[in-house]
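Participant: The following block contains the structure, expressed as structure tokens.
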Ligand SMILES: C[S@@+](CC[C@H](N)C(=O)[O-])C[C@H]1O[C@@H](n2cnc3c(N)ncnc32)[C@H](O)[C@@H]1O
């Protein structure tokens, strides 16, 4: 199984980008990890928020392949403590053969079609993060989960 973090638009902040790369590389010692970037839409000023979500949604759905398990990162999703997320990951790693795809929405979130296509929704907090920052928070939690499952020293209860 492979883990994909699917995001809309490149990571604009160099410090975030470095952090994301670092945590995905560290998590990659335990399970193959990659970040897939859907190119940012052009001329978004001429689109309503709903239209932008629709268009981004079409690109997200195109990037999800048959056999993938798509999990949305969404502030209204299931909440976990880090050890619970690690246990959830362990189950997924046994159940999913192809890619476990964690999807971050665009600046205005997901279209209804993306919600319909997803298997699950996970929240990282009740608070809302920017679509840029959530990538870094998730990458750290993914590494933490992998470290917990492998009895590493990173996490302390
Ligand atoms: C700025 S938020 C979108 C906010 C809001 N849903 C909206 O309708 O405008 C952009 C994306 O970041 C991710 N995100 C933000 N906060 C999150 C959280 N607490 N947990 C998980 N994902 C989050 C989600 O993928 C969301 O679609």
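Yeah, the Cβs are placed from backbone N, Cα and C, and that goes for glycine too.
The annotation S-adenosyl-L-methionine binding site is assigned in TrEMBL to 73, 105, 124, 125, 126, 127, 128, 129.
How about a rundown of where these features are and what they're close to?
Facilitator: Note on residue 124 (S-adenosyl-L-methionine binding site): other Cβ atoms within 10 Å of its Cβ, all shown chains, come to 19.
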Participant: Hey, what's the Cβ neighbour count for residue 73 (S-adenosyl-L-methionine binding site) at 10 Å?
Facilitator: 23
Participant: Grab the S-adenosyl-L-methionine binding residues from the record (73, 105, 124, 125, 126, 127, 128, 129) and give me their largest CA-CA distance in Å.
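Facilitator: Largest pairwise Cα separation, rounded: 16 Å.
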Participant: Quick one: of 125, 128, which of the binding-site residues has the smallest count of other CB atoms within 10 A?
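Facilitator: Comparing Cβ neighbours within 10 Å for the binding-site residues 125, 128, 125 has the fewest.
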Participant: Give me the long-range Cβ neighbours of residue 126 (S-adenosyl-L-methionine binding site): same chain, 6+ apart, Cβ under 8 Å, in sequence order.
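Facilitator: The list for residue 126 (S-adenosyl-L-methionine binding site) reads 75, 79, given in order along the sequence.
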